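Here's the structure we're looking at; comments come further down.
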Amino acid sequence: MNVLSGAMRYATPWRTYRRLLSYAREYRWLLVVAACGALLEAVAGSTFLALMKPITNETFIERNREVALWLPLGIVGLFLLRGIAGYITDMAMGRAARSIARDFRVCVLTKYFRLPGSRFDGEPVASMLVRLGSDSEQVAHAVIDAMKVMVQQTLQVIGALVVMLWYSWTVTLAILLVAPLLAWVMQRVAKRYRRISHHIQESNAQLMQAADQALSNYQDVKVYAAQESELERYARLANINLGLAIKVESTRSLSSAAVQLLGAVGLAMLLLIAGHEALAGRLSPGDFVSLMTSMIAVIPALKQLTNVQNMLQSGIASAQRLFSVLDSPDELDTGRRPLGRARGFIEFRGITARYPGRSAPVLDSVSFVAAPGTVTAIVGRSGSGKSSLIKLIPRFYEPESGQILLDGHPLQDYLLADLRRQIALVGQQVMLFDGSIAENIAYGEMRQVVSEEIERVVVDANAQDFVNQLPEGLQFQVGVKGGRLSGGQRQRLAIARAMLKDAPILILDEATAALDNESERLVQDALQRLMPERTTLVIAHRLSTIKHADQVLVMDQGRIIESGTHVDLLARDGLYAYLYSMQFRERPT
């Protein structure tokens, strides 16, 4: 997904870079130290170029023994100074660059946590990972590494030009006639690098997304013998990425060749004009050698300044992608009403909602009441709007019209953090995080609870049997996404987490749909201990699990078309009765 805000889409490269530099402000003293080091490097290099005159005249022409003795020592001292200055520059710049990359990663992840749910529907996780990974690194390169090259090489060029002007301003000014051509080449190269860099970052995200999709679903890929088709898909995207990379290399090579050609033209002009000046007696052999050495030193510096455009423009392209996230509007959080512990009285009043880019509403005029201490089951065919309805309660999405009230007040009146503290969620796909069982139960704001509380909820969630059998018990590492545990075990840990939170509102999103009979029995038993004295909303796939619900809402195409108890709805012989009979292969009587 190409997500660029309108402001950033039209931001000039200089404006973007200037904004990038604001992130370096915190590390300005490191940059000052680095600049001093770069200046010392340039002075040492320029002094060496200036010494070419006495080396030539005094050593080879005048044969001055005294000068021949101290000049080698002076050159060693200059390069020692240059090496120390270079080390200081590299260390200071490197520390600043890595710090800025870290700051960007933290800022962008923090921002993602504040974005509305629609953002996560519209942008693949792979694209987010590219922003947090390579984009942040490219930005550090642009802010610091590119700056280091530009400062170092610019100072080297300036130093060499000062030496050249000192020995012959006429020759130097004549050579500077090629400067406009050089500036034109660098401007064209920068523009092309910037355009290609945008495409490369998007291509990297698509590559990561394709690999993540194939590897995450490796079992389906193998069972359906889809390896070849997935490889073809990945190879096609990799070829696009390769083509873009070749364009970058082509641009770099052509620009380097152009700079070298212009340098050769300048060198030829130097030979021509310097020869004329020497014949007129205005240029000594030492002057000529200093001019020639300085000109030769300028050419690689100019080449590096041209090549740094790739790093700089890639960083600017990455910065625009990062700023498109940082400039996105946060989810609405304007409530001011204090909320300690809610009673849990939920009321939907004429709620209509639709997803961005879709014309048909996902919910259409939905109204119902869920009282504290009751269980409200929500059933219906796939795509009827059950999960969309549930997602409105924690305000992952905002309705288009209507109101949702908690304890008589609109949800928007409460702070988001306070509202979400009232809700515990147990879904079908339980997400555990890489860490211990104890850390996954006492998750988030609950991480300071005592171990006795964790042990209590493990017992209540019917998880003690398998936890006690694990080598480290509660300290057992569950692996990435809880991969070292079974589905039923992960589900019981999710219930333990909800028990520990002790929130007045409980949302169960098909919590037993994917479990075997034994695991379902254990989970259902744990849920029976979790649900009392809470407002419980259950999305149910297996209708046999909601027979004792206080009310059942039957949804179809975003509307509630039936409501009542299990017995009442069976007696009506409507959609609920049909769905129930389909599960048990017979019409109820």
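Glycine is treated like the rest: Cβ placed from N, Cα and C.
Pulled from Swiss-Prot, these are the features on record:
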- 29-49: transmembrane segment (TRANSMEM)
- 32-314: domain 'ABC transmembrane type-1' (DOMAIN)
- 68-88: transmembrane segment (TRANSMEM)
- 157-177: transmembrane segment (TRANSMEM)
- 254-274: transmembrane segment (TRANSMEM)
- 283-303: transmembrane segment (TRANSMEM)
- 346-582: domain 'ABC transporter' (DOMAIN)
- Gly380, Arg381, Ser382, Gly383, Ser384, Gly385, Lys386, Ser387: ATP binding site (BINDING)
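Annotated features taken from Swiss-Prot, shown on the structure.
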{"residue": "Gly380", "record": "ATP binding site", "contacts (Cβ under 8 Å, 6+ apart)": "Lys386, Val554, Met555, Asp556, Leu575, Leu579"}
{"residue": "Arg381", "record": "ATP binding site", "contacts (Cβ under 8 Å, 6+ apart)": "Asp556, Leu579"}
{"residue": "Ser382", "record": "ATP binding site", "contacts (Cβ under 8 Å, 6+ apart)": "none"}
{"residue": "Gly383", "record": "ATP binding site", "contacts (Cβ under 8 Å, 6+ apart)": "none"}
{"residue": "Ser384", "record": "ATP binding site", "contacts (Cβ under 8 Å, 6+ apart)": "Met555, Asp556, Gln557, Gly558"}
{"residue": "Gly385", "record": "ATP binding site", "contacts (Cβ under 8 Å, 6+ apart)": "Val362, Leu363, Val366, Met555, Gln557, Gly558, Arg559"}
{"residue": "Ser387", "record": "ATP binding site", "contacts (Cβ under 8 Å, 6+ apart)": "Asp509, Ile539"}
Near-site residues: ATP, ref Gly380, Arg381, Ser382, Gly383, Ser384, Gly385, Lys386, Ser387, CB cutoff 8 A to centroid: Met555, Asp556
Integer average pLDDT (0 to 100) for the domain 'ABC transporter' (346-582): 88
Paired segments the transmembrane segment (68-88) and the transmembrane segment (29-49) in contact, 3+ CB pairs under 8 A: yes
Beyond the flanks of the transmembrane segment (29-49) by at least 6 residues, Cβ under 8 Å: 75, 78-79, 81-82, 84-89, 92-93, 95-96, 147-148, 151-152, 155-156, 158-160, 162-163, 290, 293-294, 297
Three-state secondary structure, Gly380 (ATP binding site) (per DSSP): strand
